[in-house]
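Asker: Before I ask anything, let me first share the structure, which is written out below as structure tokens.
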Amino acid sequence: MSKSPVAIIILDGFGKRAETVGNAVAQANKPNFDRYWADFPHGELKAAGLDVGLPEGQMGNSEVGHTNIGAGRIVYQSLTRIDKAIEEGEFQENKALNNAFTHTKENNSDLHLFGLLSDGGVHSHINHLVALLETAKDKGVKNVYIHAFLDGRDVAPQSSLEYLETLQKAMNDLNYGEIATVSGRFYAMDRDKRWERVEKAYKAIVSAEGEKFEDPIELVKASYANDKNDEFVVPAIITKDGKPVATVKDNDAVIFFNFRPDRAIQLSNAFTDKEWDHFDRGANHPKNIKFVTMTLYNPSVDAEVAFEPIEMKNVIGEVLSNEGLSQLRIAETEKYPHVTFFMNGGRNEEFPGENRILINSPKVETYDLQPEMSAYEVTDALVEDIKNDKHDAIILNFANPDMVGHSGMLEPTIKAIEAVDENLGRVVDLILEKGGSAIIFADHGNSETMSTPEGKPHTAHTTVPVPVIVTKKGVKLREGGRLADVAPTMLDLLGVKKPAEMTGESLIQK
């Protein structure tokens, strides 16, 4: 039977900004997007800060964006939740955190804090690290060591010195805590199974393998001199009196303070997996450690969780399933968890009638080397699916504007957007031919801002609104929309009643 599918099409990191300088979105040749913008109802959506359950002024990100999109409501994000717990004193009494503290006291062992050292608020926040230091000291933990992962991606590429100084000041004020290792997130936070990267971070933390420095600041400066920005700092060891400050040993406790799971899973697995074959963990692999993660990273990570997920009922996938509608989720590796796990409110399993297609992302060092990524392959698979009348609803993500946008390089990002536009045309024209419709929009900004006002590369997400197009003639879109309104709009286009849990509203004016 012929289907007229309704699609959610996410152009990841494709923000809306009037200024064209350093704006890959504005500079790209994108005839298909421009044609849909001219022909169909369009507007903009808020995709940052309070509108997606983040603190005011906080840039949006893919995890948060897809969670809000799928939920059809504003979802209180981990960052906001943990901030609130610290403010209200719940953090200090958190069971999992206190279990880690107790473990070190019972075993006369050390506490190690792993995580991304920045205030980017995408994966972690430095304030949470400072709160952990204060709490551990308050609870009588003797020694605490920090294994700092440098950012340079959700914040400026060379900003780690200020975060190291902030951390140093907090430790000086408390007279407590030391930095033991430093590693760029490229190594410690890989998510693409490039185990040789994770191995470097792991071996620095466990076996003190790597270059040695007495001062983290010197380490970073040496890395800059070597043309390696924060993200790419090779895992290195901090020493005192010629010896490593600390390694993770038998009976120690670890708290991984990243709250976003995807880039914390692999390193956590390296510490917690009983069965392991990705690299040789060596004789120093620590036994009997208490491993605590800030949020639930993945069922594969054997750890206690400080902030368990809040279960969400009636997300888009569940509603479609309950209505007996078939649905497809499709993306390449980099954004596959977003259209599945995050879109389903933190649930790994498919709903009945939900199918998934994963297309592998290209194995290149950085995506500016292959700006088209796997957009053509994703589209080939989807076109085939639509032609065969497989699904009533489609959720598609094009990763390129975000993933290439993170390089801070304008030209490759323009190419990325042009590749996406070509494929967007193939998908949307086919959907229209089938009598279906698409909601085309972004989950957050990035590629519209490729340079800072000083002309330096800008690699982070932004707080700008994102464009939205609904490819249906004869309707009007209301103003003031946000990401939480996308799922209700999809249901509206499908003629399905919105459940009470979805507090977002359809963008289509009644």
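Cβ atoms are placed via backbone N, Cα and C, with glycine included.
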Asker: Kindly point out which candidate in HIS391, HIS461 is recorded by Swiss-Prot as part of the Mn(2+) 1 site with ASP402, HIS406.
Answerer: HIS461
Asker: Which one of ASP12, ASP389, ASP392 goes with SER62, ASP443, HIS444 at the Mn(2+) 2 site, as Swiss-Prot has it?
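Answerer: For the Mn(2+) 2 site that includes SER62, ASP443, HIS444, Swiss-Prot also lists ASP12.
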Asker: Based on Cα distances to ASP154 (substrate binding site), point out the closest of the binding-site residues ASP402, HIS406, HIS444.
Answerer: HIS406
Asker: Work out how many Å separate HIS461 (Mn(2+) 1 binding site) and HIS444 (Mn(2+) 2 binding site) at their Cα atoms, rounded off.
Answerer: 7
Asker: Quick one: what's DSSP say for HIS444 (Mn(2+) 2 binding site), helix, strand or coil?
Answerer: coil
Asker: Out of the binding-site residues listed (HIS123, ARG191, PRO261, ARG263, ASP402), which are within 10 Å of SER62 (Mn(2+) 2 binding site), Cα to Cα?
Answerer: ASP402
Asker: Let me spell it out: for each of the binding-site residues (ASP12, ASP154, ASP402, ASP443), count the other Cβ atoms within 10 Å of that residue's Cβ, using every protein chain shown. Which one has the most?
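Answerer: Neighbour-count leader: ASP443.
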Asker: On a count of neighbouring CB atoms within 10 A, which of the binding-site residues HIS406, HIS444 is highest?
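Answerer: Result of the Cβ crowding comparison: HIS444.
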Asker: Which of the three DSSP-derived classes (helix, strand, coil) applies to ASP402 (Mn(2+) 1 binding site)?
Answerer: helix
Asker: Other residues near the Mn(2+) 1 site, CB within 8 A of the CB centroid of ASP402, HIS406, HIS461?
Answerer: ASP12, GLY13, ASN61, SER62, ARG153, PRO401, MET403, GLY405, HIS444, ASN446, SER447, THR459, ALA460
